[in-house]
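Let me begin by presenting the structure, written as structure tokens, before commenting on it.
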Amino acid sequence: MAKKPVGPQMILANCLREGRALFFGRDGAWHAEPALADVAEGDGLDALMAKARAFADANNVIDPVFIPAEQKDDHYYPAHIKHVMQAKGPSVRPDLGYQVSPDWERR
Amino acid sequence: MYAYDPYDKEIVNTRVEEFRDQVNRRLSGELTEEEFRPLRLMNGLYLQLHAYMLRVAIPYGTLSSVQMRRLALIARKYDKGYGHFTTRQNIQYNWPKLVDTPDILLDLADVEMHAIQTSGNCIRNVTTDQFSGATADEIADPRPYAELIRQWSTFHPEFSFLPRKFKIAITGAPSDRAAVKWHDIGLVVRKNDAGDIGFEVLVGGGMGRTPVIAKTIRDFIPEADLLGYLEAILRVYNEQGRRDNKYKARIKILVEALGSDTFADLVEKEWQTTRHHPIDVPEAEIKRIEAFFAPPPLEVLPEQDPAVDELAANNFLFHAFLKNNVRPHKVPGHVNVTISLKPHGGIPGDATDAQMDLVADLADTYSLGEIRVSHEQNLILPHVARRDLPELYEALSRSGLGTANVGLISDIIACPGLDYCALANARSIPIAQNLAKRFDDITRLQDIGELKVKISGCINSCGHHHAGHIGILGVDRKGEEVYQLLLGGSGAEDASKAQILGPGFDENGIVDAVETVVAVYLGERQDGEKFLETYRRIGADPFKEAVYEAH
Ligand code: SF4
């Protein structure tokens, strides 16, 4: 059995149509902004993943996985640089990706 | 250049429609992600950090201007206005939408291109010397053989599910510009005493977590037996390669485990069994393929041109361009021009749609409509009249494509790394950018001379760090990006594995460390010695002392 992740976790997945990274939100929807992500740890993880999977299937979101989260100010953000990168967009192209705006794709 | 026959056209078009159906079924929910993933990968469509990534094959790195214009159009219409040329002479698009990919593949098929076998455990795009057919030092143009291998390996039913991916490189020249010794199979065109063309066959090279330099298992295989012999190698590998552990599944592990002599014996045995039923490529088909690669119809021109000489005497940057980016063609009065995709501070290998269009136009005007992609992530106009260089240089410079750094320390190979790649541990591109900025002065660059820096964002080694004179490998240390420094690698005919110098550095420290390495070289070099020669003469210790003393 896979080891349960330790510490606060959020759920990251990709949008089927565009491939963009999405976070499972406290409102049960998928968001480009990590600050809206729901966070759980320990015994709460299974329930969060079950909820996310149900919403993933319904919303064409693929491969939901736990990623470590850390708290900054009032919100949680991805802790690992890889997921920070996914949340923002490529560091070498600040003109591209969610760092421009959450709905950058649609502009 | 090769042109599809009706059979090529049909298989590529059929594949596009098949994929369109698969995408539709995925979007409708009929296919699950698990079912769909292998299907999209078979069509070169990966899922990366920010979006899908489509890898398009550029067979043996040769493109027509029409194809280049189409690549530009795809970048503009379906992507974010740029593409990334890779160390496998391919192009990757970083932002395609799933729903658009069948249309992209249709647009590619229209210009005889595709993304088939750019992923998965199959025989990938065959790579070769970017100057093939345009260089005086080659025994024969390797592209007809590369094309033959492409046809043989495309959808080869026996080799579609190998233990692991499989890469073949071929060079027609003794100067190896295709890194053949770093491939699963490396082929070097040779002539025997009777003057017949054949190939030296090397097997078991590769980078990744276990870098191995390929070993020769046959000094000479005649031209006519090439496919039969390749088939024997693949068959032995397919049967005996490990499938239980993907890190031990490449042919290099099998060859190391058996020993290259035993592996060669097995191949020989297999080949002797099957060679009585040879893969008969009809003579007419060989002739048909060869005709596409006939020597270009170039007029012999004077080797010197007064206008070129005058501009070189008065314009320092053009002089540097001439020295670094231009090399002789096999037809007197002509040259191969390398267009650097490494502007200082830019992203190695990236080109905008406008730049791709421009290169296509320049190819039409100055290079018989032909373009090459090198594994060093640059573009080449292979057939340029020397007298056209001033005009060409002017046009390139105006569009940010005139950087005169080919083969120098800022002509850095860098993989996409953590800025794009889902497998990455660390970013590669910013390191390349910072290094290029640190060594921004062209006089200093030229004084340092040939120095190949290669950067990978993880141990998969797409940035060829094992073969770098200076190699840099990004690793993840508890969530921090750390960079290991390696010295002494080579991807050329004198192939060698770079060795790790010592503990790693952070993002800034690695740039300082490279500068220290260069300073040691400049202090130690003897007359006319290149970096690699000095390193091989004095060894790693002086570099190690200086680098770690400074930290
Ligand atoms: S070397 Fe690693 S980080 Fe770089 S492109 Fe290859 S898999 Fe990605």
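Positions of Cβ are set from backbone N, Cα and C atoms, glycine also.
Just so you know, TrEMBL annotations are computer predictions that nobody has curated.
Record features, source TrEMBL:
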DOMAIN    B:52-109  domain 'Nitrite/Sulfite reductase ferredoxin-like'
DOMAIN    B:119-272  domain 'Nitrite/sulphite reductase 4Fe-4S'
DOMAIN    B:347-396  domain 'Nitrite/Sulfite reductase ferredoxin-like'
DOMAIN    B:412-548  domain 'Nitrite/sulphite reductase 4Fe-4S'
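If you count C-beta pairs under 8 angstroms between the domain 'Nitrite/Sulfite reductase ferredoxin-like' (B:52-109) and each of B:119-272, B:347-396, B:412-548, the highest count goes to B:347-396.
Averaged over the domain 'Nitrite/Sulfite reductase ferredoxin-like' (B:347-396), the predicted model has a pLDDT of 98. Counting residues of the domain 'Nitrite/Sulfite reductase ferredoxin-like' (B:52-109) by DSSP class, helix then strand then coil, yields 28 helix, 16 strand, 14 coil. Applying DSSP to the domain 'Nitrite/sulphite reductase 4Fe-4S' (B:412-548) sorts its residues as follows: 57 helix, 27 strand, 53 coil.
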